[in-house]
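Asker: The following block contains the structure, expressed as structure tokens.
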Amino acid sequence: RSCEICHNVGNDCDYDYVQECDSPEDQCGTVMLEGSLAPFSVRTIHRNCFSSSLCKLEHFDVNTGNGAYLRGRIHCCDQQKCEGRPFPGLPLSYPNGYVCPGVLRGLFSDSSESEAACKGDETKCITIVGYRKERFLGDIAYNIKGCVSSCPELILSNRTHEERRNELIKVECRDAAKTTPSE
């Protein structure tokens, strides 16, 4: 299988090329990412070869606290070029009494860990640590912690670190802590 490859800031690619996929990356896909550290946000698009297990994730939304979040939409297909799915508006939700550690390191310079107040149906804490190897940018390390509504099934890879690959080092998901109201 061959897939279109591109990485760009915004919602579309200014450039692209086609690359043969290596096993186990057997599907073409597009990942749309949106990261926010209030009041700033940035969207990026990534077209690449993906494993079908990553394609099953479809979307994720991580509340990292203090108005910061990371969300992604994953769309895989059988064509070389998969169109990205648009982001829905952010839901209006209120704190629900659960808390998690929160950090968004690697995407923004302010990456100190804090407490994330979970909102709406967020009752789980997630930690994702890894890096992305990029041909032009070098390695992009990331450490993401925050509240989520459910735990994704992400599998760590034992493959060698190949060019332009996303390498997960740590994925943990657990129940969030319930805060006790102060009197």
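Every residue, even glycine, has its Cβ placed from backbone N, Cα and C.
Below, the features straight out of Swiss-Prot:
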type     : residues      : note
DISULFID : CYS3-CYS28    : disulfide bond
DISULFID : CYS6-CYS13    : disulfide bond
DISULFID : CYS21-CYS49   : disulfide bond
DISULFID : CYS55-CYS76   : disulfide bond
DISULFID : CYS77-CYS82   : disulfide bond
DISULFID : CYS100-CYS125 : disulfide bond
DISULFID : CYS118-CYS147 : disulfide bond
DISULFID : CYS151-CYS173 : disulfide bond
CARBOHYD : ASN158        : N-linked glycosylation site
Asker: List, in sequence order, those disulfide-bonded residues among CYS13, CYS118, CYS147 whose Cα sits within 10 Å of the Cα of CYS76 (disulfide bond).
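Answerer: Near CYS76 (disulfide bond), where near means Cα within 10 Å, there are no disulfide-bonded residues at all.
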Asker: For CYS28 (disulfide bond) and CYS55 (disulfide bond), determine the Cα separation and express it in whole Å.
Answerer: 9
Asker: Given the disulfide-bonded residues CYS13, CYS49, CYS77, CYS151, find the one whose Cα is closest in space to the Cα of CYS3 (disulfide bond).
Answerer: CYS49
Asker: Cβ neighbours within 10 Å, counted over all protein chains: which one of the disulfide-bonded residues CYS13, CYS28, CYS55, CYS77 has the most?
Answerer: CYS28
Asker: Relative to the Cβ of CYS6 (disulfide bond), which residues of the same chain, six or more apart in sequence, are found under 8 Å away?
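Answerer: Once residues fewer than 6 apart are set aside, CYS6 (disulfide bond) is near CYS13, ASP14, TYR15, ASP16, TYR17, ILE45, HIS46, ARG47.
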Asker: Do you see any of the disulfide-bonded residues CYS49, CYS55, CYS100, CYS118, CYS125 whose C-alpha is within 10 Å of CYS151 (disulfide bond), and which ones?
Answerer: CYS125
Asker: Within 10 Å of CYS118 (disulfide bond), Cα to Cα, which of the disulfide-bonded residues CYS21, CYS100, CYS125 are there?
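Answerer: Qualifying among CYS21, CYS100, CYS125: CYS100, CYS125.
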Asker: Do any residues at least six apart in sequence from CYS147 (disulfide bond), in the same chain, have a Cβ closer than 8 Å to its Cβ, and if so which, in order?
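Answerer: Result: VAL62, ASN63, GLY65, TYR98, VAL99, CYS100, GLY102, ALA116, ALA117, CYS118, LYS119, GLU122, THR123, LYS124, CYS125, ILE126, ALA176.
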